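Take a look at the structure set out below.
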Amino acid sequence: MEMLQGLLLCLLLSTGGAWASKEPLRPLCRPVNAILAAEKEGCPVCVAFNTTICAGYCSSMVRVLQTILPPLPQSVCNYHELRFTSVRLPGCRPGVDPVVSMPVALSCRCGLCRRSYSDCGSLRNEPLGCDYSTFQDSSSKDPPRNLTSPSQLLEPADPPLVPQ
């Protein structure tokens, strides 16, 4: 019986590598493609555009004796290097600046949450989207009527900015 158990153990250990992956079980902190929505009060159209954001897992620790000791600071996935892209919202009322700037992640790293450029809140029940008026996907085939060309939706990005 012991020999059978040993043989079974060897068989399980030798085939265990076939199930294991060299990649981490959860994706680590890195830039990922995302669709964000841009809107502004006074502009009737919400524009969705593709960008990169920082997302993924950072290692963290939890104290066993939480009631006695203070909680440990938790790492979150932050922007390391970023640049800003300007999106022009079509159909804005006169006197309303139609340009909205959005971040584009160039690189990411784990660290303490910095409220100056990160959303440190918990998960939301609803996805981020437009609160005002109509929705216009920047990748749709039909651009808004008042644009002379679809390239007016995206303006050139500023040079890279490294948050402090």
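Glycine too: its Cβ is placed from the backbone N, Cα and C atoms.
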Cys54 - recorded disulfide partner, Swiss-Prot, among Cys10, Cys108, Cys110
Cys108
Going by the disulfide annotation in Swiss-Prot, which one of Cys10, Cys46, Cys77, Cys92 is bonded to Cys29?
Cys77
Pick from Cys10, Cys92, Cys110: which cysteine does Swiss-Prot list as forming a disulfide with Cys58?
Cys110
From the list Cys10, Cys43, which cysteine is recorded by Swiss-Prot as disulfide-linked to Cys92?
Cys43
Of the recorded positions Cys29, Cys43, Cys46, Asn50, Cys77, Cys92, within 10 Å of Cys108 (disulfide bond) (CA to CA), in sequence order, we find Cys29, Cys77
Under 8 Å Cβ-Cβ from Cys29 (disulfide bond), six or more apart in the same chain: what's there?
Cys54, Ala55, Gly56, Tyr57, Cys58, Cys77, Asn78, Cys108, Arg109, Cys110
Cα-Cα distance linking Cys43 (disulfide bond) and Asn50 (N-linked glycosylation site), given in Å to the nearest integer
20
